[in-house]
Structure formats: C-alpha cells, structure tokens
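To start, the structure under review is shown below, and the notes come after it.
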Ligand code: UD1
Ligand code: MG
C-alpha cells in the first residue's frame, strides 16, 4: 500500500469515529473516502473473475472492439449498501445521546424510529434494484417485464411517506391563484401524488440506462446529479436555519449522497475513457434509484426532477424509437470512425420494405428545421436515414464529431450547467412565482401538526 491510501484510510476513520460538532455530516465524508478506497481497490482485483464468468461486453467504439468486464457497477453498489448499514449508528445514535438524561427510559423513547424506518425502507428499495439490475445483466430481461418493477421496489418508501409525512399538496403559482381568484395556496393531489412518486421511481433508473453508450457517461451523469443535489442540500445546510425541518431532511439527503459520490467516483476511475470496465444495468438501476430514494424520503420529489432535465429531454426525444414509431436498433450509441478516432452520430436506416412511417414525415421535417435531427434523403427526396434519437447523437449534430472522452465531458458539462441554472431558478424565481418557498412552508406546516 502506498502512502496516499493509508493517509486516506486514517482520515476517513478519524472523520467517522471523531464525534465532532458536524456529525453525521463528517462521518458521511469519512464513509465516502472509504467507499472510494474500497471500490478502487476491489475493481481491478475482481474484474478478471467477471470475464471468466461470462460477464463482459464489447467496447464498440474502439479499434478491434476489445472485450471489457461488465456489471462491475455491482461492486460500488454493494459497497455503498454495506457502508450505509455501518453508517446507521453515526446517523441516528446522536438523537439518543443528545437527550438531557441519556439513560432515562423516557429519553430513549425519543429515538427517531420514524426516521430510521424511512432510511431502512430506502435501503430495502435499493437492494431490490441491485437484484433487478443483476438479473437484467445476467438474463437480459425484456423491457415490458422490467419496466414497472422499480415502482414495486418503491412501495416501502411510499408507505413510510404516507405514514410519516403524507403531504400531497402542490403549490399553485401566484398568477394562476390571482387569475382564478382562489384563496388557497396549493392543490391536494391525494393518491395521484403517490402515482407521481412511483413514476419517479420508474423514471430515474430507466432514464440513466438510456443515456448511455459512451465511456464514462453512465457513471459520469450520476456523479453530476449527485453534485447538483448536494449543492441544493448545502443551500439549506449552510445558509438556512439549523433548527428548521428543512435542515434535517437535507442533512439526511447529503448523508445518503456523499458516500454515494465516493463510490461513484471510484467506479468512474475505471469506467472513464478508455474504459477498463463497463458498469452494466446494475449500476444504472441502482444509481437512478438512489436519487429517487433521496427525493422521496427527503420530501423533494418535485425539485429532484429539475436535476434530471437532460434525462427527461432524452426520454421524450427517444419516445418515437421506444414506442416503435421509428425503428429502434439494439444499440443507438454513436458511430466510431477508426480513421480519425472520432464519434459520429449513428443512423436508423430505411428500406423499401421498411420505409419511414407516414406520421413521422412531417415530424421529421419540422425537427430537421429546428436542428433536432439529421436526415439523409435519396435523389427523389425520400428519407433513407435518420439520426438515432438520443441526446448523445444530438450533441454530435450540434457540436460536430468528437473524441469519445471529449463527447462525454461535453455532455456532463451541459448537464451540470443545466442543473445549475435550475438550482438558481429554484431558489430565486420559484419563491417569487409561488409567493413563498414551497419546501420550507410545507415542512413547517407538517411539523406543526
Ligand atoms: C441502452 C440503450 C442503447 C445503448 C446502450 C449502451 C436505449 C433504448 N438503449 O441499452 O441504445 O446502445 O444502452 O449502453 O436507448 N457499450 C459501449 N461503450 C460504453 C458503454 C456501453 O460500447 O461506453 C456497449 C457495450 O457493448 C456494452 C453494451 O453497450 O456491453 C451495454 O449495453 P446495455 O447496457 O446492455 O444496453 P441497454 O441498457 O439495453
Ligand atoms: Mg444499459
């Protein structure tokens, strides 16, 4: 072992064990360092065994399409789950010891069972997702079979939300309130809010999985989302009032996200261009669900979606291919040209037997004018090729062919800038639009119940 990992291990252990003023935040940083160290230690050691067991994929964007170990995302995922189990005493015991008389049975009853059950339901949900991802990597489960499973995995979360919090109101913007002359600030969506949260649980894992195919992007996008969510948490932790309920939920959220970021960065080290490992669907499902868990149990499932704007756009943009209006090849990743080492957009090809569906022709023409798609026509003007409808291909159409790592960095940068804009709007324009800050108000109302 070289000096750096030893130093990092000592620092993380000290952060975890030292019961300073910033517990459990500092322990989260300690667990993140441990997660990074463990992931980077394990991946190179276990990768050959994955290949031996048949868990590998071809890197399509390299000369000779070399074989790379796949499903490696299961290592950081399991590491994260174990770290979070070890985290439990550091996250919750302070409630017990902060009571005036520690050994008083009444004080012990102040232990936040509700908060712990919310945390445990999140862990249960993540474990289900790791299982689903693993089964998908092993057996390539069909889309229609696996689509709704994340919503079932999220049931414990939703039940705890109902019992523990139960707020299903959505704020009405000031201007609409004035226009409709309503006195109430919000509208209660009731059961529909639970459908919305179940949809979030389905969307997050799947949207990460379909923004993929470039070395580093599957993990890179999750690292960017985690950083953006942490910035949102810090707005409440370092600027807000520490006695407010919002402080407590954002402390919880950051405690979930900081160790996640540590393990994700460990995985990114090996998945970055040129990839030594592929993450597999296990990582996509697991990481997407981490965000859904944080958003739902942190009571900010609507704000969460602000940081998924590129994924939402990619999903909507992909709909014609996902629903068969446009043929969807097994892989829609960009095309690698070995002559100049650059990535070009990939195409869907049409033949006489399989021409463009008539309904798509005006849509394609309009999209072409808006520079949202590239089309190739024959000399009669018939469309013979259309670019595959993913954000990755669109970025190539807008910014030109790129080397794989530059393409990944550009997409991550665009995602970060979009997320940062959303964050600024969330904390400036949104309170003006709604008359007050939604999360603060809802939480205060709940805790006064
Ligand atoms: C999703 C996308 C698919 C994309 C694939 C890439 C949809 C509907 N599906 O499918 O279009 O091609 O992800 O992950 O949008 N690979 C690389 N380089 C990478 C990452 C992956 O070449 O950096 C290839 C490897 O051959 C790897 C395979 O993609 O084995 C993994 O694909 P998989 O995760 O099974 O594809 P899906 O998630 O089904
Ligand atoms: Mg995948």
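Just so you know, glycine gets a Cβ as well, placed from its N, Cα and C.
For 25-43 (among others), the entry in TrEMBL reads transmembrane segment. Residues 5, 8-9, 11-16, 18, 72, 75-76, 79-80, 83-84, 86-87, 90-91, 237, 251, 254-255, 258-263, 265-267, 269-270, 276-277 of the same chain lie 6+ residues outside the transmembrane segment (25-43) yet bring a C-beta within less than 8 angstroms of a C-beta in it.
The transmembrane segment annotation in TrEMBL covers 72-96 (among others). Beyond the ends of the transmembrane segment (72-96), by six or more residues, the same chain brings 16, 23-24, 27-28, 31, 34-35, 38-39, 42-43, 46-47, 50, 102, 107-108, 110-112, 115-116, 119, 123, 126-127, 130, 133-134, 218-219, 252, 255-256, 259-260, 263-264, 266-267, 270-271, 277-280, 282-284, 286-287, 290 to within a C-beta distance below 8 angstroms of the stretch.
Residues or ranges marked as transmembrane segment by TrEMBL: 147-163 (among others).
What TrEMBL lists as transmembrane segment is 191-212 (among others).
With a threshold of 8 Å between CB atoms, the same-chain residues lying at least 6 positions outside the transmembrane segment (219-239) that come near it are 25, 73, 208, 211, 246-247, 250-251, 253-254, 257-258, 260-261, 264-265, 267-268, 271-272, 279, 283, 287-288, 290-291, 294, 300, 303-304, 307-308, 310-311, 408, 411-412, 415-416, 419-420, 422-423, 426-427. Taken from TrEMBL, the feature transmembrane segment covers 219-239 (among others).
The transmembrane segment annotation in TrEMBL covers 251-270 (among others). A Cβ distance under 8 Å defines the sequence-distant neighbours of the transmembrane segment (251-270), meaning residues of its chain 6+ beyond its ends; these are 24-25, 27-29, 31-40, 43-44, 47, 72-73, 75-77, 79-80, 83-84, 87, 91, 115, 119, 122, 216, 219-220, 222-223, 226-227, 229-230, 233-234, 237, 276-277, 279, 283, 287, 290, 293-294, 297-298, 300.
Annotation comment: TrEMBL describes 282-301 (among others) as transmembrane segment. Among residues of the same chain six or more beyond the transmembrane segment (282-301), those with a C-beta under 8 A of the stretch's C-beta atoms are 71-74, 76-77, 80, 118-119, 121-122, 125-126, 129-130, 132-134, 136-137, 150, 153-154, 157-158, 160-161, 165, 167, 196-197, 200-201, 203-209, 212, 218-219, 222, 225-226, 229, 232, 249-250, 252-253, 256-257, 260, 264, 267, 307-308, 439, 442-443.
Residues or ranges marked as transmembrane segment in TrEMBL: 407-425 (among others).
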Sequence-remote partners of the transmembrane segment (147-163) [C-beta within less than 8 Å, at least six residues beyond its ends]: 114, 117-118, 121-122, 124-125, 128-129, 132, 194, 197-199, 201-202, 204-206, 285, 288-289, 292-293, 296-297, 299
